[in-house]
Amino acid sequence: MALFSAFRPVFSSHSLPVYDFLAPSLFQIHRAPRSIRHLSTTPQRHTLSNFQNDSPSTAPRTPKTGTEATSNPASTSKPLTQAQRDFLSRALRVNQTGELAAVLIYAAQTPVIVASHPHLRPLMKHMYDQEAGHFVTWNALLSRHRVRPTALYPVWTMAATVLGWGTAVMGREAAMACTEAVETVIGGHYNEQVGGLLEIFKEMEAEGVEVGEDLRVLVESVRRIRDEELEHLDHALENDAQKAVPHELLTGVIRAGCRGAIWVSERV
């Protein structure tokens, strides 16, 4: 509800020139899959028979012979350690929070920027749509792995909206400087997450434990989204982000705010 309430002004006005692409993306944000699964260290294969056998089978089970048991050893699976689970929970929670903020920043900036710089409409749409896609990805993974979102959702919702609108009112350069500052911090943060996940992979492989498909999908998602965020950084620099006045003060404050939001969202 916090997300829709933040966007309510967007839907209530027809005077701004960008809502034909904002509205469809907003509705897609809440279409994340509702299936919930625990983190697994081994791949799972779901077939029709898995869903047909919800009740215990009454057929007797034939014990395996010694030869059969030897030729079909048990899977080398092992639950994640508490430290690994904590790392993954923090990562998913802060990623979802960050992408929520990015969606709201672009939603607030786009009407103002496009009104005065119509040629930026395709770029703003492209970046907004990518951020909305990232938000869908982290929403789905958050639900799948049963990780709670940050308790400060309403705070970040308001802060991101104010930041987006405020920098847009300051001008195109300030809006691009905002993107520059945010993506610099987020790109580095995603890099750290990739390193942390690869470290978990090494620990599991050293113990002879197979890395599950869930974890592989997670690290690939982080890598893909990191690359797209760094693409936004390039777009901002190409569009005069560093000509914003005062550039160093503005980007410094935004970077500090992003780091603080990451630290808090990982824990609260």
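Each Cβ is built from the backbone N, Cα and C atoms, and glycine gets one as well.
Record check, TrEMBL: Fe cation 1 site residues include E131, H134, E229, and the candidate from E99, E192, E199, E266 also listed there is E99. TrEMBL annotates E131, E229, H232 as Fe cation 2-binding residues; of E180, E183, the candidate listed for that same site is E183. Same-chain neighbours of the Fe cation 2 site beyond E131, E183, E229, H232, judged by a C-beta within 8 angstroms of the site's C-beta center, are, in sequence order, A102, M127, Q130, T179, V182, I186, G187, E228, L230, E231, L233. Of all Cβ atoms in the shown protein chains, 26 besides its own fall within 10 Å of the Cβ of E131 (Fe cation 1 binding site). The binding-site residues recorded for this entry are E99, E131, H134, and the Cα of E131 lies nearest to that of H232 (Fe cation 2 binding site).
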